[in-house]
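Asks: This structure is in structure tokens; I'll ask about it shortly.
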Amino acid sequence: MTSNERILQPFTLPNGTELKNRLLMAPMTTCTGYFDGTVTSELVEYYRARAGSIGTIIVECCFIDDYGLAFPGAIGIDNDEKIAGLAKIAEAIKAQGSKAILQIYHGGRMVDPQLIGGRQPVAPSAIAAPREGAAMPRALSGEEVEGMIAKFGDGVRRAILAGFDGVEIHGANTYLIQQFYSPNSNQRDDEWGGSRDNRARFPLAVLDITHKMARQYADDAFIIGYRFSPEEMEVPGIRFDDTMYLLEKLAARGVDYLHFSVGATLRPSIVDTSDPTPLIEKYCAMRSETLAQVPVMGVGGVVNVADAELGLDHGYDLIAVGRACIAYPDWAARIAAGEELELFIDSTQREALHIPEPLWRFSLVEAMIRDMSMGDAKFKPGMFVETVQDDANELVINVSLENDHIADIELAASPVQTVEFTTSFEEIRERILTANTPHVDAISGATSQSEAVKKAVAKAMLKSSKALAAEEGGNDAAPKSYDVVVVGSGGAGLAAAIQAHDEGASVLIVEKMPTIGGNTIKASAGMNAAETRFQRVKGIQDSKELFYQETLKGGHNKNNPQLLRRFVENAPQAIEWLADRGIMLNDITTTGGMSIDRTHRPRDGSAVGGYLISGLVRNITKRGIDVLLDTSVEEILMSGDEVSGVRLVNDEKEVIEVQTKSIVVATGGFSANSAMVVKYRPDLDGFVTTNHKGATGSGIALLERIGAGTVDMGEIQIHPTVEQQTSYLISESIRGGGAILVNQQGNRFFNEMETRDKVSAAIIALPEHYAYIVFDEHVRAKNKAADEYIAKGFVTSASSPRELAEKLGMDYHAFLATLECYNGAVEKQHDEQFGRTTALRAPINEGPFHAIRIAPGVHHTMGGVTINTDGEVLNVDQQPIRGAYAAGEVVGGIHGGNRIGGNAVADIIIFGTLAGHQAAKRARG
């Protein structure tokens with residue numbers, strides 16, 4: 001029998017159930033459930049598409065208790081109402097001829113409090129996971145441990161009633177069952193902890209109740225599997241002999257298979273790194289005759305027949321397949337037919353492959369996505385040597401190109417290279433090669449280096465394309481032509497480009513900076529919109545009229561009423577526009593000046609800017625929209641009173657003319673142009689700015705030269721919470737999450753949720769001219785941005801208010817009195833001191849306690865060029881300049897005398913898509 005035949009032959013489990021082959025789809029979290037853990041139709045179709053040729057599908061982990069979900073969008077089996085939805089998954093899989101097994105789990109101390117309504121996670125002991133930002137769990141009482149076992153039993157019963165052929169007990173990945181067995185997380189002194197036998201009681205009890213439910217509600221064919229992580233890195237922690245001890249006990253009680261949870265089938269020890277022996281070989285050598293009767297399953301890195309064959313040869317009986325089943329729904333049929341597969345996903349095929357939007361954005365899936373739109377791109381094959389600069393070093397990059405793809409990227413030897421440097425280079429190299437485009441996300445912690453490498457690849461591609469054109473007899477000096485030219489690659493520019501492309505226009509994006517993202521990438525709070533479906537799901541009652549009135553009030557009634565009305569009316573559609581393109585802003589908070597939770601942000605509560613730009617860039621790449629970086633627009637060319645083209649200059653000092661019928665200027669404001677700021681606001685001389693260095697007002701000057709009018713140029717906003725050493729903006733969502741502001745004496749001094757101008761003025765009026773944002777662990781847990789501030793060293797933390805006050809040099813008694821007074825206001829939902837009416841969410845009483853020193857900085861310029869409600873640029877006589885459109889901070893009039901936090905992101909998407917629509921409409925006739 002050949003190896004291929006071995007893989008595809010039926011396999012009988014110890015309980016007599018026959019699997020049609022040895023191949024299983026591994027359980028992989030998709031984050032595609034509804035907010036309440038119920039099943040979506042998209043998830044049903046995802047599993048239906050992957051059933052059939054593969055013998056068995058293990059459905060992603062289901063939480064058995066509403067304290068147990070470890071992921072946003074997780075699906076649950078914690079109540080009987082979930083049975084109907086799960087039954088749809090089971091039926092979809094079984095109808096195609098595959099077995100359906102459901103994995104059940106509880107996250108324990110790995111649960112983020114924000115996923116369970118801000119409640120404290122539970123665990124065997126009150127010991128936080130050894131990772132940055134981990135929440136402190138509450139230890140389960142003895143009675144609660146018994147109750148938790150019963151909940152696992154109820155989960156098994158529901159899985160049976162939903163029609164599943166079996167369950168897999170998730171005893172791996174540091175979740176609750178593993179936590180009970182680990183001496184790191186279980187330091188109890190009762191019958192559930194202490195000795196290895198006591199620590200094994202919980203996983204064995206879960207197996208026992210699973211058998212009990214199977215006997216009561218299922219037949220003998222019901223499959224019971226157990227997944228385990230063979231080792232832990234922590235000290236103390238689970239070692240391989242501990243694992244073998246537990247597995248022997250599980251086998252003695254009866255289990256139909258055991259499932260290694262490792263990243264690669266032949267992974268060696270992560271504890272004894274000097275020993276290269278694969279753990280599966282150790283397992284086979286150490287197991288008893290009883291354990292040898294239990295089939296063992298391997299997972300990790302299986303793409304082709306040879307990979308599965310290697311696993312069988314080393315001792316696995318069954319092979320679970322992960323990413324390959326995502327990339328190829330019919331994976332088993334393909335390898336049965338002898339296909340050799342490459343692990344990539346065509347960026348245009350998400351819908352065809354039935355990959356849910358949340359799963360599409362997972363890093364492991366994103367790494368497989370390849371931009372197939374470059375099929376039309378043609379290069380002159382060869383190696384191009386590019387010299388670029390990151391923040392600290394000059395880098396020499398060798399870029400090898402073939403006719404239609406990027407073949408390789410090499411970093412020339414340099415004495416400045418470190419292990420960290422070369423590691424991050426390899427990561428960005430892999431992203432670019434996999435995506436076949438330089439427009440990929442930078443590596444976290446290595447942004448400057450990543451952008452330099454991306455720039456080198458982009459320059460090489462441009463040179464190669466020009467060389468090929470010259471070789472084929474093309475005239476490189478001849479003007480290029482696009483329907484729409486977008487100037488600026490922040491959120492407004494990218495949104496305009498995507499919209500114009502989707503309406504049939506050919507589009508060029510021109511960006512003067514070396515990187516995509518503009519100032520949007522620094523946005524933190526979120527995106528305001530009223531009457532959205534995400535508000536309705538959360539039961540938030542809101543109205544567009546209230547949004548309009550609060551924005552008008554916040555802008556001191558200086559807003560252009562027509563533009564503001566268009567802004568408010570189009571905001572919900574803008575949220576949906578993003579969602580339709582895979583950018584989900586479905587977590588909701590509030591910002592200063594708003595009385596309702598309407599600030600939409602990413603599901604995990606992280607800063608909106610990077611998430612938004614990453615999603616928009618994926619859409620740009622997917623569509624094959626041309627982008628020129630390090631290129632400035634020197635002049636907008638006119639033919640009579642109409643736009644006819646642009647004159648560009650790149651970083652090689654080449655002058656390029658591009659013909660176009662429509663131009664969208666989305667270059668941002670002028671906060672980084674200190675001379676321009678001081679011209680209109682002399683009182684702001686010396687203030688730092690939160691903006692990136694490209695925010696110089698160049699687009700305003702460009703449009704003024706063709707006759708554009710301007711408005712509100714003296715309306716410049718300072719943001720109250722800026723870290724002064726780095727000019728880093730501290731998100732308004734921290735205050736919106738329940739933080740307070742205190743002065744150096746430890747006292748509150750103003751309503752933290754007032755508009756930015758008023759809060760800034762109050763801080764400036766303090767003798768010290770700075771303040772502290774103070775918050776506790778509850779606020780930190782619900783705001784992912786806070787973890788970033790901690791990592792950057794902005795945060796002073798302490799275990800108690802007294803310790804925090806001492807570290808900040810403030811009077812402890814005054815600080816404690818401040819906290820007591822504020823916590824009383826939260827309890828009464830009434831702030832007698834300063835009239836705060838919003839974001840009185842929870843008392844500040846959960847340690848550790850945190851503080852960030854802040855002061856105001858120049859943040860937003862409300863003034864800019866004049867436009868009408870169609871995004872057309874108006875001249876000094878308020879007449880449209882034909883073919884000229886503008887969006888984002890380059891525009892004046894929308895925000896009046898003060899911009900509300902969360903309105904800028906709404907502005908760029910609303911007016912960016914509007915400008916893109918109108919520009920394409922004009923260009924296409």
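Cβ atoms are placed via backbone N, Cα and C, with glycine included.
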Asks: Which single residue out of HIS556, HIS692, HIS769, HIS859 does Swiss-Prot record at the succinate site shared with ALA525, HIS719, SER731, GLU732, ARG899, GLY902?
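Replies: Of the residues offered, the record points to HIS859.
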Asks: Annotation FMN phosphoryl threonine in Swiss-Prot: match it to one of THR12, THR32, THR40, THR447, please.
Replies: THR447
Asks: For the FAD site, Swiss-Prot lists ALA492, GLU511, ASN519, THR520, ALA525, GLY526, HIS860, GLU889, ALA904, VAL905; sort out which one of VAL385, VAL388, VAL633 goes with them.
Replies: VAL633
Asks: Under a three-state reading of DSSP, tell me whether HIS859 (succinate binding site) is helix, strand or coil.
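Replies: The three-state answer is strand.
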Asks: In terms of Cα spacing, which of the recorded positions THR447, ALA492, ARG756, VAL905 are within 10 angstroms of ARG899 (succinate binding site)?
Replies: ARG756
Asks: Are there any residues in the same chain, six or more apart in sequence, whose C-beta is under 8 angstroms from the C-beta of ARG756 (active site, proton donor), and if so which?
Replies: GLY592, GLY593, GLN717, ILE718, HIS719, PRO720, GLU732, HIS859, ASN898, ARG899, ILE900, GLY901
Asks: Once ALA525, SER731, GLU732, HIS859, ARG899, GLY902 are set aside, which residues in the chain still have Cβ within 8 Å of the Cβ centroid of the fumarate site?
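Replies: Going along the sequence, the neighbours come out as ALA523, SER524, GLY526, THR591, GLY592, HIS719, LEU729, ARG756, ILE900, GLY901, ALA904.
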Asks: Reduced to three states, what secondary structure does DSSP give GLU732 (succinate binding site)?
Replies: helix
Asks: C-alpha of THR447 (FMN phosphoryl threonine) to C-alpha of VAL905 (FAD binding site): distance in Å?
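Replies: VAL905 (FAD binding site) has its Cα 22 Å from the Cα of THR447 (FMN phosphoryl threonine).
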Asks: Three-state secondary structure of ALA492 (FAD binding site) from DSSP?
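Replies: Helix, per DSSP.
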Asks: According to DSSP, which kind of secondary structure is VAL905 (FAD binding site) found in, if we only use helix, strand and coil?
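Replies: DSSP assigns VAL905 (FAD binding site) to helix.
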Asks: I need the CA-to-CA distance for SER731 (succinate binding site) versus VAL905 (FAD binding site), whole Å please.
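Replies: That comes out at 13 Å between the alpha carbons.
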